Structures are given as structure tokens and as C-alpha cells.
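Below is one structure, written out as C-alpha cells; comments come after it.
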Amino acid sequence: MRLIPLNQAEQVGAWSAQHIVNRINEFNPTADRPFVLGLPTGGTPLNTYKKLIELYKADKVSFKNVVTFNMDEYIGLDTNHPESYRTFMFENFFNHVDIQEENINLLNGNTDNHEEECQRYEDKIKSYGRINLFMGGVGNDGHIAFNEPASSLASRTRIKTLTEDTRIANSRFFDGDIAQVPKYALTIGVGTLLDSAEIMILITGHNKALALQAAVEGSVNHMWTVSALQIHPKSVIVCDEASQQELKVKTVKYFKELEAENIKHV
């Protein structure tokens, strides 16, 4: 596992965006051989999306031959609801770059058969071989996507019941009213994520410090699903100083020395 210890959340956005651009450009995607990118929602990746849009407008990258898969979606929210993850992605990223709409893949939380929808999503991912790079965030309790504590580390795309802690955290997007936050969601599984060629997780803020500690210094544990990154052959965590507060000083020093060349220009 790589750890990229930065100072500010804005630097996390800049580093992660440049990493995505580098991977896309190195891959040199075509219509017949697209780059497959996994994407999250939430507050943490907003800086990354802003920087990606800047890099696109500066002609540093094209998303024309990029296929995307999102991590999750609430069940029961209208497609055009302001807090649906579909709305989030179009408003904060898709509408601002040259991605083709037919290359955008989003879970549908309003189908009559959720299990069928989850299998369709898994099959669609497999039709591309695998996801080349999956970017994600992490919850205060260490969950990735909506794989809440005690989720199977071999899990696939499925329905999940959201914990009260997650719903309280997400209520900030629903005028602070937890009653408006859906109780269920469709989410990729931990196993689905681990099938990706590369995983990049963004962690920012004091409230994520315990999750970062569990991911880096703890054991692989289904109570902290982010810890599954330890068994992935190519994973990277990009974090700000606030989220590093629970890490040992020598851990941060070790990774700063390892990644000195990769972070000096951020």
C-alpha cells in the first residue's frame, strides 16, 4: 500500500486528479479500448473533480474514451432529486468534460428488482474486463462505498442498510434532517472494489483520522472495510494532515520519505 501524506485537502484534490490524468494518458484509451474509471460522490472528492475539470479545460486530458462506474446510489430517491448521486455526478463532473453519456454507468435505485440491477452492474463491469482505477472516499467508521462495518470483504454489488452514523453524517446534504436520508442503498461490494487494477482512496479531515489509522496501521478487519486495501496489490491512500492525527509519527515520516519525489511539487 502507498500512502501520500499531504498537508491540505486542496493538495489531496490536486494530487489525485493528476494521478488520474497520468493513468488515463499512459493508457492512451481508444473507443475500442477505453479506460475504465470508478468514481465516488460526497464532499471529499469535490476538489478532485474541480481539478480534473481544470485539467480537461487546459487540454491535459480527454474523457471521450473513458468509461465510468459509480460506487453507489440511494434507494428510493428520484433520479433528478438534488441529492441523488446521479445528480451529484452530472453537476460536479460529467457536465463539464467531454465524457460520452453512453459511457457513464450509474446504479439505479428505483428499479422494481434491486437484485437484478446489482447483477446487471456486476456483469457490465465484467464486460470491460475490470476497472482500471477506482477512486473512493471513506466514512468516519472506515466504510468504503456503502460497505458498512461488518460487511463481507468478499461482497459483491448488493443492497445495504445504512447505519445511523452514516445517515447522520449524510444528513448535512438533506438540510440536517436525518428523516430525509434514505435507509437503504445499492453499493458495489468490497470484493467488487478489490477486483480493480488499482484503488485510490481519498481521506481528509480530523473526523476520518481513526479510519486512516485502521486502514494503515490496523489489521485487515471487516469492522473497518477500508482495511481491505492492505491485501490489494496496487492501492494508494491520499490524505491531508488533519486526517493523519491518529497515525504514529514514525509512520507518517516513513511514507513522507518514501513519497518525497511524488509530493514535492504538489
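Note that Cβ sites are derived from N, Cα and C of the backbone, with glycine treated the same way.
According to Swiss-Prot, the protein has these features:
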ACT_SITE  D72  active site, proton acceptor
ACT_SITE  D141  active site, for ring-opening step
ACT_SITE  H143  active site, proton acceptor
ACT_SITE  E148  active site, for ring-opening step
SITE      S151  site 'Part of the allosteric site'
SITE      R158  site 'Part of the allosteric site'
SITE      K160  site 'Part of the allosteric site'
SITE      T161  site 'Part of the allosteric site'
SITE      Y254  site 'Part of the allosteric site'
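The local packing around D72 (active site, proton acceptor), expressed as other Cβ atoms within 10 Å of its Cβ over all shown chains, amounts to 22.
Under a cutoff of 8 A between CB atoms, and with a sequence separation of 6+ in the same chain, the neighbours of K160 (site 'Part of the allosteric site') are F146, N147, E148, S151, Y184, A185, L186, T187. Checked against D141 (active site, for ring-opening step) by C-alpha proximity, the recorded positions D72, R158, T161, Y254 yield T161 as the nearest. The two recorded residues, H143 (active site, proton acceptor) and D72 (active site, proton acceptor), have Cα atoms 12 Å apart.
When the recorded positions D72, R158, T161 are ranked by how far their Cα is from the Cα of Y254 (site 'Part of the allosteric site'), D72 comes first. In this structure, of the recorded positions H143, R158, the smallest number of CB atoms within 10 A of the CB marks R158. Of all the active-site residues listed here (D141, E148), it is D141 whose C-beta has the fewest other C-beta atoms within 10 angstroms. Across the structure, D72 (active site, proton acceptor) and T161 (site 'Part of the allosteric site') are spaced 12 Å apart at their Cα atoms.
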